[in-house]
Amino acid sequence: MFARLPVVFLYAFVAFGALVAALPGGHPGTTTPPVTTTVTVTTPPSTTTIAAGGTCTTGSLSCCNQVQSASSSPVTALLGLLGIVLSDLNVLVGISCSPLTVIGVGGSGCSAQTVCCENTQFNGLINIGCTPINIL
């Protein structure tokens, strides 16, 4: 009876080794590449109309630190980093914008460029389809 005990331990050792090799948590043979998400924004030609008193009728009134063409180098770099693809590069893009209310439209409401924008992305970091306006 005791002569078979080493054989039983040998089988148990081999079975345990096979079980450990089959368990997850080891080093995988292949890695999965990260998933890339692309956001495509299509903006029609600017149709924003400005009513008397500096209010937008088709977008939101914003105060932007910079307003540049979507084809400019800084804007294309920022759009690329954020994964935004524009179908039309002939639109104006507002950078680092904050919304303006009717109360904030007065003289000291915006010390940069006041614009009316159709699309706001990333909480005002990028506003797409902007039209500069002058508030009197």
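Cβ coordinates come from backbone N, Cα and C, glycine included.
These come from Swiss-Prot:
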- 1-24: signal peptide (SIGNAL)
- Cys56-Cys63: disulfide bond (DISULFID)
- Cys64-Cys97: disulfide bond (DISULFID)
- Cys110-Cys116: disulfide bond (DISULFID)
- Cys117-Cys130: disulfide bond (DISULFID)
Tell me the Cα distance separating Cys130 (disulfide bond) from Cys116 (disulfide bond), rounded to the nearest angstrom.
5
Nearest to Cys110 (disulfide bond) by Cα distance: which of the disulfide-bonded residues Cys63, Cys97, Cys130 is it?
Cys63
If one measures from the C-alpha of Cys117 (disulfide bond) to the C-alpha of Cys97 (disulfide bond), what distance in angstrom results, rounded to a whole number?
10
Ten-angstrom check, please: count other Cβ atoms within 10 Å of the Cβ of Cys117 (disulfide bond), all chains counted.
30
DSSP state at Cys110 (disulfide bond), helix/strand/coil
coil
Between Cys64 (disulfide bond) and Cys130 (disulfide bond), how far is it from one CA atom to the other, in Å?
10
So which of the disulfide-bonded residues is most packed in, judged by how many other Cβ atoms lie within 10 Å of its Cβ, out of Cys64, Cys130?
Cys130
If you count other CB atoms within 10 A of each CB, which of Cys63, Cys97, Cys110 wins among these disulfide-bonded residues?
Cys97
Pairwise CA distance, Cys97 (disulfide bond) versus Cys63 (disulfide bond), rounded so that it is a whole Å:
5
